[in-house]
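S.K.: The following block contains the structure, expressed as structure tokens.
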Amino acid sequence: MGQNTAQTNEQYNEKQVFSMPRIGDAAPAFKATTTQGPINFPADYKGDWVILFSHPADFTPVCTSEFITFASLEDKFAKANCKLVGLSIDGLYSHIAWLRTIKEKIEYKGMKDVEVNFPLIEDIKMDVARKYGMIQENEDDTKAVRAVFFIDPKGIVRSLIYYPLSLGRNFDELYRVIIALQTADEFGVATPADWYPGDDVIIGPAGSCGTANDRMEDSDIDCKDWFFCTKKLDKDLVLDRILKK
Ligand code: BEZ
């Protein structure tokens, strides 16, 4: 019985092993064919934020609703200096046929005639999906889960979100993450729960007793206690700094 359990655990652990970049890691590099031609990632995106995302399969309904939404928001993300790159374990011709069908036939929440202009990677051999831990075998061993990697202009992974096959992504949250990450970089602050531009921001933890005292006495900073300090950050200032004109 003990031996059987050990074998089962070994097999289980073997199945679990997959590589996955984590926050702060360099985004794994790859070259791939896409619906917009070849890409060399992340080198081609130096200087831009990128959302690299996977979806389970072409010609599936949740993915279709997501692609229509991503494509409709492409300009909004571009204004926040953020490019979109998609991926699934499908071939190029499937991708092309699916995107043509979306444009010609599918309407979702009033969005119709939608053209997907960002690259969709063909990854039939799962090379890229494996590098990014997009195949999670206990969910599905031939389809990518809905992974979202937020990659900064230096090619560093700054955040990641994973959703299962059955759950379509929340695009308000994806946009909020891109704006919040850039706000943290631009203003040297952190953003609290459910933060949106215009809400107060968090001043990072005090590193010394002196800093803690200074903060308690600073009239621009609102400290509930020495470790919980916020300040106002004007919405227009945030958006002026982050959004392209
Ligand atoms: C979908 O996109 O609809 C979907 C894909 C794979 C499994 C379940 C749903």
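Using N, Cα and C of the backbone, Cβ positions are placed for all residues, glycine too.
Automatic, uncurated: that is what TrEMBL annotation is.
Feature table excerpt (TrEMBL):
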type	residues	note
DOMAIN	21-183	domain 'Thioredoxin'
ACT_SITE	Cys63	active site, cysteine sulfenic acid (-SOH) intermediate
ACT_SITE	Cys63	active site, cysteine sulfenic acid (-SOH) intermediate
BINDING	Arg146	substrate binding site
DISULFID	Cys223-Cys229	disulfide bond
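Give me the structural setting of these features: burial, nearby parts and distances.
M.R.: When secondary structure is read from DSSP and collapsed to three states, Cys63 (active site, cysteine sulfenic acid (-SOH) intermediate) falls in the helix class. Around Cys63 (active site, cysteine sulfenic acid (-SOH) intermediate), a 10 Å sphere centred on its CB holds 22 further CB atoms from the protein chains shown.
Other C-beta atoms found within 10 angstroms of the C-beta of Arg146 (substrate binding site) number 23, with every protein chain shown included.
Within the same chain, residues at least 6 positions away in sequence whose Cβ sits under 8 Å from that of Cys229 (disulfide bond) are Ile202, Ile203, Ala206, Arg215, Ile221, Asp222, Cys223.
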S.K.: Are any of the recorded positions Cys63, Arg146, Cys223, Cys229 near ligand 1, with a Cβ under 6 Å from it, and if so which?
M.R.: Cys63
S.K.: Relative to the Cβ position of Cys223 (disulfide bond), how many further Cβ atoms are located within 10 Å?
M.R.: 17
S.K.: Could you round the CA separation between Cys63 (active site, cysteine sulfenic acid (-SOH) intermediate) and Arg146 (substrate binding site) to a whole angstrom and send it over?
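M.R.: Taking the Cα atoms only, Cys63 (active site, cysteine sulfenic acid (-SOH) intermediate) lies 9 Å from Arg146 (substrate binding site).
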S.K.: Can you check what DSSP calls Cys223 (disulfide bond), collapsed to helix, strand or coil?
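M.R.: Reduced to three states, the DSSP call for Cys223 (disulfide bond) is strand.
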